[in-house]
Amino acid sequence: MKTLLLSLVVVTFVCLDLAHTRTCYSCTENICLQHEQCQDGQDVCYKRWNTTYLILTDVVRGCAKTCPTPIEEEEVYCCLKDNCN
């Protein structure tokens, strides 16, 4: 009986951990307080911005399956924890 109970606890823990959905900041402003629950398979939080000017411009934050590739004069920061972007 104890073995069955322990097995159920382990299975429940594993299933709950696999069902975790990443949460990332999602906005287009420098200061961001808006969160987004990422879709299944989107485990990367990212922040991309234009480096043409001295100040951060064209900042975009959100969820992705993989880290976005920066385009010309753009930088991208990616991370794998909730709201790390």
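Yeah, the Cβs are placed from backbone N, Cα and C, and that goes for glycine too.
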Handout entry: From Cys15, Cys27, Cys32, Cys38, partner that Swiss-Prot gives for the disulfide involving Cys63
Key = Cys38
Exercise for the section: Name the cysteine that pairs with Cys79 in a disulphide bond per Swiss-Prot, restricting the answer to Cys67, Cys84. Expected result: Cys84
Handout entry: Record Swiss-Prot, residue Cys32, disulfide partner from Cys24, Cys27
Key = Cys27
Exercise for the section: For the disulfide involving Cys24, grab the partner from Cys45, Cys67 as Swiss-Prot records it. Expected result: Cys45
Exercise for the section: Cα within 10 Å of Cys38 (disulfide bond) is the criterion; apply it to the disulfide-bonded residues Cys32, Cys45, Cys67, Cys78, Cys79, Cys84 and give the hits in sequence order. Expected result: Cys45
Problem - In sequence order, the disulfide-bonded residues (Cys32, Cys45, Cys63, Cys78) whose C-alpha falls within 10 A of Cys84 (disulfide bond) - result: Cys45, Cys78
